[in-house]
Amino acid sequence: MAPGEREREAGPAKSALRKVRTATLVINLARGWQQWANENSTKQAQEPAGWLPGATHDLPNAPKEAGPYQHAPKTLSPKPDRDGEGQHSEEATEVSHIKRKEVTRTVVSKAYERGGDVNYLSHRYENDGGVSEAIQPENDIDRILLSHDSPTRRRKCTNLVSELTKGWKVMEQEEPTWKSDSVDTEDSGYGGDMEERPEQDAAPVAPARIKRPLLSQANRYSETLNCKAHRKYSQVDNLKGRWQQWADEHVQSQKLNPFSDEFDYDLAMSTRLHKGDEGYGRPKEGSKTAERAKRAEEHIYREIMELCFVIRTMARHRRDGKIQVTFGELFDRYVRISDKVVGILMRARKHGLVHFEGEMLWQGRDDHVVITLLE
């Protein structure tokens, strides 16, 4: 038989086999979905009605008793034929091929919504537990300072308590002697007897504590002390003073800055340093220019130390102990590390670390110049 005829005969057989496989796959999928629907409806019927905030313990998962008017859940698939009843009963016991996976919640509620739910539930649990506010009294100041509230509020409360304490301490140190303003008392002589009474007749003094005079006598004096303490230890006044100090310094610096519109030539000429004065030719201490100059000096010092190390490793030692190398050899080796070899050599000679002839070195012309390491 020719190969073309075999392919023609095998074509209908393959298509029929493909149709049978597709139909079988569809039937199995439908049965799997039907089995999943039955199991899910049974689980939903067995679950409790719901959860209430007042109930702290979960209800037992007991199946509900079927009432006389309760009907079984309806299935979504049509009734099977008589011939397929046996197959359906056998396949119902098989494990479903549908994959199950728990889906986590990705939508998160806002911060104030979460806080409201947690506060409501915590308040409900505290009330159910029987803990009342009357049984456990708490100081308001301690509750504010020790609670996990806003740090700004806690800082303000702490500053207020410290200011009041300092004010009372100042009042205790001054200890003014209060005298009654009543005319009848002065005429009767009771006030003088109390003031002239000797100290040995007085009652034993109680432990040291903050003296608080009567409000009717010391109202004006206490207000004055509180105002003084508030002005002395006020955070706003301190911040205002620092800001004013910075503003004054900025105005003064702008008057001395030649690039500023507020530059004062006469003031700059009268305050400038002359040659020989301390700090002449150097930036102002504490300025950004001084910091950059310090970093530049440290960088140049590291470059000089690296140059001396390279000369020491590649040079030949003489009998007298000196280390020498020619400029051509050093340039060929050092140009791979840095292209500023000439500038670093000039700086090292200024510090007395190396020595060579001439004021300047040129590649090609001064390759024979000998460089001696002095350290």
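For all residues, glycine too, the Cβ spot is worked out from N, Cα and C.
Predicted, not measured: the structure shown is a model, and the values here were computed from it.
Among the features that Swiss-Prot reports, compositional bias 'Basic and acidic residues' is placed at 1-11 (among others).
Under the heading compositional bias 'Basic and acidic residues', Swiss-Prot lists 79-99 (among others).
According to Swiss-Prot, the compositional bias 'Basic and acidic residues' annotation covers 173-182 (among others).
If you look up Swiss-Prot, you'll see SER150 (among others) marked as phosphoserine, on the strength of similarity to another entry.
The annotation phosphoserine is assigned in Swiss-Prot to SER182 (among others).
Positions annotated as region 'Disordered' by Swiss-Prot: 1-20 (among others).
Marked as region 'Disordered' by Swiss-Prot: 38-99 (among others).
Swiss-Prot lists 173-204 (among others) with the feature region 'Disordered'.
Taken from Swiss-Prot, the feature region 'Actin-binding 1' applies to 193-293, supported by similarity to another entry.
Taken residue by residue, the region 'Interaction with actin' (234-279) breaks down under DSSP into 29 helix, 0 strand, 17 coil. Summarising the annotation, Swiss-Prot assigns region 'Interaction with actin' to 234-279 (among others).
The region 'Actin-binding 2' feature in Swiss-Prot is assigned to 294-375; the stated evidence is similarity to another entry. Secondary structure of the region 'Actin-binding 2' (294-375) per DSSP, as helix, strand and coil residue counts: 39 helix, 12 strand, 31 coil.
The feature region 'Interaction with actin' is assigned by Swiss-Prot to 346-375 (among others), with experimental evidence given as support.
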